[in-house]
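Colleague: One structure coming up, written as structure tokens, with questions to follow.
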Amino acid sequence: MDAPEDKDIKLQKASGDLLSELQHTLPGFLWKSITPQAGAAKSRSHIARSLVGYRTTDNLINLLEPFQEWPQLLDPCLASILTPLISAYLSYLLNHKAKYYGPLPGSLATAIPLPRAISKLLYTLCKIRGEKVISRFFNNEPKFLEPMLDAFRAWNENTNPPGDMSSHRYGPMVWEERYIMLLWLSHLMLAPFDLASISSPELSQGDDNLHKDMKLPVELPAIARRIIPICTTYITVASKEREAARALLVRIAVRPDMRRVGLLDSSVHWALASLESESKEATSKTIYAHVGVLSFLAGILVSAEKSAIAPFLMHIFQSVQKLNAEQTPLSKVIISSALARKVIIKILRAVTVTILEPATDTPSIPEHSIGSVLEDVIDYLLTALADKDTPVRYAASKALSVITLKLDASMAADVVEAVVGSLREDVLWEDTATGLTIDNYHAAERKEASLTRNLTAVSALRWQGLILALSHLLYRRSPPPELLPEILSALVLALDFEQRSAVGSSVGTNVRDAACFGIWALARRYTTKELLHVDTSMIVAANHSSQPGTVLQILSNELVAAATLDSSGNIRRGASAALQELIGRHPDTVIEGISLVQVVDYHAVALRSRAMKEVAVGASKLGESYWNILLDGFLGWKGIGSPDAESRRQAATAIGFLGTTAEDVFEVLDDAKRDSLARTWVSSFNIDSSGPSRGPNKANGYVAALGTVYRFFQSSRSDVSAALTGALISLAAPQMQIESKVAAIKSLSAGVLRLEAETLAASLTDYTADKRGDIGSLVRVEAIDAVGVSWTYGLLNDEEIKRGLIAVVCGLAAEKLDKVRFRAWTCLQKCWPYFGGASSPPCPFSDVAQTSTVEYYQQLLSLRSADWIRLPLLEGYVTSAGVGSESLLRASRAALVDYAEHLHIADLVALCQDLMEILRRHIADDRLIIPALEVVAFLLDAGQFQRINNVELKWRNLLALIQKSHFKSGNVHKLEAAVKVYTGLASVKVVQQDVLAKLCSMLLHPFPQIRNAVADALCVIVENDLLRREDWSKPPKELTKVANDIRAQILVDVQG
């Protein structure tokens, strides 16, 4: 979510060094010095290099690439960078053109021709700063026109110079070279002289290879005849040359001298014929060929004078309408391309604007035709605002605003009303009191304050197009002031727009971005007087519509919330820029306007964590309206309702910081108002876990916010403290969702509350499990932290409660889950002095891996000397020694055997009785009963319990517990553990006969797996051939006789 430092700031700091290195490297890269011969003048001369290093070129490009983030940083040095590049290129063109395909020296195996390197650099600059800016620096002297055309043909066709028999040749020009040369040729077409006057009198046969589809005028000059085939060839390719070829063809076609000879007419007829052709050849062309032709028509409509293009307007319009109708295979291919649809919108815009221009000496178009064109184009653009591709929606919104600007006031108002009306479609209303969603018709009947807009049914793509259209209309000041209330309602609503796709990603970012642009345009184009006259009661926004103040204050509040809370960095910066424009254009209309701009700085909001925890808190101190809207924002989807866990944590922390801001208000209030405000504050955190409209993320954020806010309400507000405590404890109840319990326990510890022992003890023993596994471990971890915090702050005053909680933590320090075990051990180290020994444990294990060692478990077992710890510690220990991972089993069992071997008989009896107590208490809890059985079986197998005689231990009581533990059980693991215990008990004389009888009866158990386990156990205990020979996987009915025979033999042997 955050970076260590803003990229723009890094670039701004490094830009000076990058540009200095570039300017220092360029001269040596482009030119080489020539030492004068003896007797000549001592001044050194420079000539352009013919070859340059490929790696050096890449290094120079890498110096330029970072400026794509902030292209304006290049402007001061643009002339000093471009001038040497242009000079070196022209020097090579005039003096070393034949060396382009010269032999490649062995020492320069990775070298490339100088024009190729310069073209790569120029293209990078065009990509960063735009081709219109870069082309202004191109030399436009007409004398370079023919040399560049000659070089283009020679280099592109890879023709060798005469007499050059070199075997190694460079490949043909790369696309960057063709792009730059075509762009430069289009710039040279600005020459004020007729092309016929600067064309060579001789024209070779190769130069007359015209495009077969275009019929050119006979009077066409030689230069034009050479340029047009190049244009018609590269206007169909998929790379950047298409754009440069289109610019060149447009530039030459609209020249006055070319129009006089009929080139404009020929080229337009050629383009229309290409679009209207139904031949297989036209259909088989790539989509880029058609896009090139369409872009040429769009360029002609924009660049040519109305008198020149007027005869073709209706023909072009009708051809494009046929494409939109998708009646032919060719039109379906073209319309399927987003790029083609975008260019079609540009054509329709240009046609409409040209038609609406006042007629002079050109034939006027009939009024009915103008009306028909207007109606069709506006209807098409309104539909295109919902296009699935963003570039198409952007082009449609811009075209609609440009056309509206040309209409009279009444028609322009109709267009604006159509856009605003489209925004009302599919907008529902939600009753915040009941969570019910209702439509516009029923909402109009219920004029209640609890109704808010619900945008779940609207299309995010269409809304972006509509808001973009409104923004462009505002930028051109098309909407009249009377429509501003509805427009402002839409903009404020769009500024809080959010939807999620099926995979959970946000699809509302573009809508909010368009809303920032709209508010920026509104602040820029409308006067303060006009905006102050807007009735704020008519602005029905997502929230805060009833908030008092002017329109400018309401917009400032919304922009502050967007600039500090939005999840997208672009939106935060866009809102900050719009806020700066709003306050700068309309001074003294916003509360603490100058201070607000300084706090909500463009760069300060780049990092979301800083924007939420520093900028938002700083803005909240400037006025109550900012504090209110920021709190509401933190409690919404941008804050604690965010799907991102880190964002929810940041929001909860920021809400706590807002609490410190609120304390300043308490200082100036009397007691009655202070109590009232405190109760209002607490009620704003009312959580209804069963509410139909609240998701789990938002509920968890509310819980985290409760805990964070608590520490800012000291004893002077005990009623608030009590309310918060009660809310958190209720959320930690066993019946609540696991996520709510985790957040509540974490908030209890974060808020340093005087905890209720029952709630905390229940959380320490929460073993809730679902399809995700032991999710209760999340609660246990947070509860352990809460015990640690309580110990640190001395909140555990009651001795009995203190012992009970620490004893449970001791058990958790021995359990099988690594994260829980390590967290509990960390807590125990804080409480170590309480055990009556040293201030710290002998071995302070500081790593998770260290808590899985024999030494660790030996240190835990040493705590059993305290009676109040023995049972809870053993309950946790059996989970590791009974059903833990392989490494955990080895470590815990090794420590347990070593511990048991060194016990006196009385202590060993106590250990066995503790295990029996666990079996007795948790007889129905498989989580503990199975590992306890495994541990008992292990200690019997290790021969430890056999050291105890019948007087010291009631063996029959243990046998009865084992039998009771698996009575009528269908748990295979429990049954297998019980069989293991029976195997060990068979070596105890007091219960041997009863154990063997029980095992023999289990030979007829319904589960084949258990029958096989019992047979294996009996084979270990007694010698019996029938046990080995029989297949115990057979049905029990077939095994009855054999089982009875075996039982009789075994019991006879034992009795004998």
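The backbone N, Cα and C atoms fix where each Cβ goes, glycine too.
So TrEMBL has the following annotated:
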type	residues	note
DOMAIN	367-424	domain 'Tubulin-folding cofactor D ARM repeats'
REPEAT	377-414	repeat 'HEAT'
DOMAIN	461-593	domain 'Tubulin-folding cofactor D ARM repeats'
DOMAIN	805-974	domain 'Tubulin-folding cofactor D C-terminal'
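Could you place these features in context, so I can see how deep they sit and what lies close by?
Modeller: When DSSP labels each residue, the repeat 'HEAT' (377-414) comes out as 31 helix, 0 strand, 7 coil, counted as helix, strand and coil in that order.
Secondary structure of the domain 'Tubulin-folding cofactor D ARM repeats' (461-593) per DSSP (helix as H, G, I; strand as E, B; remaining residues coil): 88 helix, 2 strand, 43 coil.
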Colleague: Which residues of the chain, 6 or more past the ends of the repeat 'HEAT' (377-414), have a CB below 8 A from one of its CBs?
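Modeller: Distal contacts: 324, 338-339, 341-342, 345-346, 348-349, 351-353, 356-357, 422, 459, 461-462, 464-466, 468-469, 471-473, 475-476, 478-480, 483, 510.
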Colleague: Please give the average pLDDT for the domain 'Tubulin-folding cofactor D C-terminal' (805-974) in this predicted model.
Modeller: 89
